[in-house]
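Just below is one structure, and these are the notes that go with it.
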Amino acid sequence: MADLKQLMDNEVLMAFTSYATIILAKMMFLSSATAFQRLTNKVFANPEDCAGFGKGENAKKFLRTDEKVERVRRAHLNDLENIVPFLGIGLLYSLSGPDLSTALIHFRIFVGARIYHTIAYLTPLPQPNRGLAFFVGYGVTLSMAYRLLRSRLYL
């Protein structure tokens, strides 16, 4: 079993950790952006969240949907669908001993695609911008999974 010093000396794992931190910070930004949009547009999903803006029927008018809020929320949900698999597969891939330059290409393309996807979603840019960014990031995760299965699980 590798000790902590060996793990910290693993350049691929350290690169993965750096890019994972960037992408998780971006995802946290979207969470904050959703809350910001809800507060500035006075749009809430739960009745108890409206309590500070009125009572009874008056509070219910804040219990609605808004396109700006929903757009940011959908971008955040899309991040959850893509970043979680990247984190799991990327960690296993990093520990499998891949070439540093190949791993960096995977990590950089994924992070770039996800940042571009967020820009394309929030701006909004016309399709196929968002779709291409999604599939590029998804393809990177599939590529890492394939390389991991091929090299370490002997499939």
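Heads up, the Cβ atoms here are built off N, Cα and C, so glycines get one too.
TYR93 is the residue among TYR93, TYR146 that Swiss-Prot labels 3'-nitrotyrosine. With respect to the membrane, THR40 and ARG150 are recorded by Swiss-Prot on different sides. Separation of the C-alpha atoms of HIS76 (glutathione binding site) and TYR93 (3'-nitrotyrosine): 25 Å, rounded to the nearest whole number.
The topological domain 'Lumenal' (149-155) scores a mean pLDDT of 76 in the predicted structure. In this structure the C-alpha atoms belonging to ARG73 (glutathione binding site) and LYS42 (N6-acetyllysine) are separated by 15 Å.
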